[in-house]
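One structure below.
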Ligand SMILES: [Fe+2]
C-alpha cells in the first residue's frame, strides 16, 4: 500500500494528507496494482448561458478565485472559459460567444450544467487502453497539447448522457490550466476565504433501470469500487422514490453516487431532473468545507438560497438521540438549516442549495465530515421532502 501522494494543486492550497482524510476521506492506495489509476478530480467543466456572469457569481458568492481565462482576446473565437479555484477544487465555466457555437445549442437543450468531470490520471494511454478493452466509448484519442509551459497529455471517455470524462496527465506541464489559457486574477475580498477546500463527490442522475449498468461501467472501465448503496425504504418518501449506488476510485478522492428514479406515487426529483435536463447528467456537486457554519453564513449573506429544513427535524427526539454530541449546539445548526447524520465512523454536517440555474437541475451540497464517510443517509427523507415541497411549488410533483 502506498501513501496517497498529494497533487501539486493540493500542496499549493496547503492541504495535507491528514486534512484531506478528514475533508474527503482520502485513503492510501496502491496505484501500481490499479488498472486505471486516478489521482483525483482535475476539473468540473460547466456550460453556462452566461459564463461571464457565472464567473462573477462563483467569485463573489462562493469566494472562488479566478485564475485563468480563454476567449476572443486570447484567440478563442468560439467561446469564453473562466477557470476558478477554491482549495483543490477547480471549476471551468464555459459559454458560447459565436452564435453558431455547438455550446449555444448544448445550452438551449440542457440549460446550465456539467459537461465534463475531468480526471487527473497517471498514464492517459494506459487508462484509455484499459477503458477501450472494457467497452468504453473513446471520444478523444490520447494526444499532446503544448505551449511554452510544457505538454499535457489528454483523452476523453463518454459517460452517462452527453457527459464526458476528460483524462489529464499534467505531470509535464507548469502552466496555469491548459494550453490556450492565460493567467487571470480576480480575488474578491471580504468574508472568510476559501469557503470550501475540495470537491467531495459528484452525483449522476441516470435513466430508470440503468443504474446498475453505470455502476458496472465504473467498476469495469475505471476499476472503481462500490462504497455504498441506498435502495427501497432508505430513499423513499410517501410520494417518490429513487435508488442510489456510490462508486469511488482507489484513493477515494473521486466519489460518484449514481441515482435512478424508482416507481413512486408521484414523480421523483430524478424524473424532474431528467425532464428538464433532457437526458442523464450531473445532479449535484458536494464541496467539502472545514467550517460549514461560516460558509453557510457567507453564502446566505451573498444571496445563495438553501433548501429549507423544518424545525421539526431538529426537535425530533429520535434524531437528537441518534446524532449525539456534535461540535456546535444543535440550535446553531437549526438556525442555519444544516443537517446532521451519524454512522459507525463518526458524523457529518450537510446542507443543499436550491438549483443554481433557471432549470430545476444542478445544485450544490456543502459537507463537513467528522469521521463519517457516508452521504447523509439519515437525512434522505427530510431532504427529499424538502425537495418535493419545491417541486410542488414549481408544478412538477
Ligand atoms: Fe451528496
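Placed from the backbone N, Cα and C atoms, the Cβ positions cover glycine too.
A quick note: this is a predicted structure, and the numbers were derived from the prediction, not measured.
The annotation domain 'VOC' is assigned in TrEMBL to 40-170 (among others). For the domain 'VOC' (40-170), the model gives a mean pLDDT of 97.
What TrEMBL lists as domain 'VOC' is 198-354 (among others).
The Cβ of residue 365 (Fe cation binding site) lies under 8 Å from the Cβ of 200, 284, 285, 286, 287, 350, 351, 352, 353, each on the same chain and at least six residues away in sequence. What TrEMBL records for 201, 284, 365 is Fe cation binding site.
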Local backbone state of residue 201 (Fe cation binding site), from DSSP in three classes
strand
Residues satisfying Cβ distance under 8 Å from residue 201 (Fe cation binding site), sequence separation of at least 6:
246, 255, 256, 257, 285, 286, 375
